[in-house]
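A.B. asks: Mind having a look at this structure? Questions to follow.
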Amino acid sequence: MKFIVKPHPEVFVKSDSVRKRFIRILETNLRSIIQRDTKGVEVINRRDYIEVSGLDGTYRNQVLTAVTHTPGIHHTLEVKQTAFADMHDIYEQCLEMNREIIEGKTFCVRVKRRGTHPFTSIELERYVGGGLNQAVESAKVKLKNPDVTVKFEVENEKLNLVIARHKGLGGFPLGTQEDVLSLISGGFDSGVSSYLHIKRGSKVHYMFFNLGGPAHEIGVKQVSHFLWKKYGSSAKVKFIAVDFEPVVAEILEKVDDGQMGVILKRMFMRAGGMVAEKLGIQGMVTGEALGQVSSQTLTNLRHIDNVTDTLILRPLINWDKEDIINVARDIGTEDFAKTMPEYCGVISKKPTIKAEKLKLEKEEAKFDFSILDQVIYDARVMDIRAIEKESQEQAPEVEMVSELGSDVVVLDIRSAEEEDESPLIIEGVEVKHLPFFRIATQFGDLDQSKEYLLYCDHGVMSRLQALLLIENGYKNVKVYRP
């Protein structure tokens, strides 16, 4: 078995040199992701597609996850590759694979062919289709809108029988576009906007303005690491945390109430622009949508943009909130966003929807900009790959357990979707499911006379959640790592 990875069609409208470069980058990205956790799997550039071979049942799911979550891929064909003697041999192999699939249904046959053969693609389609129609009495040929399309490819002396077709993310390979800096809060909007730029081929670095203490920062680190791990782990990117509480305190003390929201956003953009310039990044990404809150009117957005020369990208500018939430659900960030605290919206009681330049400048004249310079100077810059390591170092008091006694409860903190895909069943041990986003509010409702071992797939989320629980006074918490 092998995977035939088809780049997104937009790649093929590029010039020959650009197309080759894009596919080469996609090949490198896939190899980096796939060979990190597998052995013996080969990733080969076949010019117009990428072949992933050397698979067995052990690595099939890991590779499938990689090709369906890597930007720049339109679709992937999961194929069984065999040799063939002639058209009749091809027909017999197709019949063996598709007999049960087409029983009682309408079907057609579609062939792609490369190389020199004594038959054309249409001749082969007619031969195989006619044979299937005769061999399976309950099946009927229907060339338009059939129930089943029997697909296969003939590549020189090899026959690729298509087992399944898996949709890809689309977009451009990661790293083909310039880097961007996402101003991420952990909510629905910033997570989706970050994903859209990953999908479009930009390496996304994350910048977080902390207004809510350690718990908020841990939450945003979790969603940033999740996005990177799931969609962009072939890239080395940074996570920048800025303690913005001194800036907020200065605004609350000195700035007129109605101007606070816009001025806070202007401070965000100033800070982001300063960091972007240091990192050589040309654009900042925000999750702002037109009219969603008072600071996001056209007038206010214009005043916000004017404080920096760095390009500000707003991929969600015309999106409805419902559509944003739907995408967050699809990409896996909805559960993070549901419980992520949002602080910016409550900074002003009577926010202006049409700020005036002179008023803003008058209020900002009261602001001590050395505070902004200091928080940027003190910003913590880290490789996003270090978040997993940091979670271990920050929580050395969290005991790691690999063997279980019968008197403990394993707390599966994965999302419902992850639990459904691979349920955690441990013979003789009680397993409860409490998603990570409900830990803070519902852990206290559990029987505190018992010991709880938190479990997630990679151990990052479980360690971070254990740290939060211990900081809140719970002593009956450990991490389960089988």
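In case you wondered, yes, glycine gets a Cβ from its N, Cα and C as well.
In case it's useful when we look at the structure, here is the feature table from Swiss-Prot:
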| type | residues | note |
| --- | --- | --- |
| ACT_SITE | CYS456 | active site, cysteine persulfide intermediate |
| BINDING | LEU183, ILE184, LYS265, GLY287, GLN296 | ATP binding site |
| DISULFID | CYS344-CYS456 | disulfide bond |
| DOMAIN | 61-165 | domain 'THUMP' |
| DOMAIN | 404-482 | domain 'Rhodanese' |
A.B. asks: Within the domain 'Rhodanese' (404-482), how many residues are helix, strand or coil going by DSSP?
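C.D. replies: Residue counts in helix, strand and coil order: 28 helix, 18 strand, 33 coil.
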A.B. asks: According to DSSP, how is the domain 'THUMP' (61-165) divided among helix, strand and coil residues?
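C.D. replies: Taking each residue of the domain 'THUMP' (61-165) in turn, the totals are 39 helix, 38 strand, 28 coil.
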A.B. asks: C-alpha of LEU183 (ATP binding site) to C-alpha of CYS456 (active site, cysteine persulfide intermediate): distance in Å?
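C.D. replies: With distance taken Cα to Cα, CYS456 (active site, cysteine persulfide intermediate) is 27 Å from LEU183 (ATP binding site).
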A.B. asks: Over the domain 'THUMP' (61-165), work out the mean pLDDT and round it to an integer.
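C.D. replies: Its mean pLDDT is 94.
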A.B. asks: Given a separation of at least six residues and a C-beta threshold under 8 Å, show me what packs close to ILE184 (ATP binding site) in the same chain.
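C.D. replies: SER190, GLY191, SER194, TYR206, MET207, PHE208, VAL220, VAL223, SER224 - these are the non-local Cβ neighbours of ILE184 (ATP binding site), listed in sequence order.
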A.B. asks: When you look at LEU183, ILE184, LYS265, GLY287, GLN296, which the record names as binding ATP, what is the longest CA to CA distance in angstrom?
C.D. replies: 16
A.B. asks: Under a three-state reading of DSSP, tell me whether LEU183 (ATP binding site) is helix, strand or coil.
C.D. replies: strand
A.B. asks: Spatially speaking, which of the binding-site residues LYS265, GLY287, GLN296 is closest to CYS456 (active site, cysteine persulfide intermediate)? Use C-alpha to C-alpha, please.
C.D. replies: GLY287
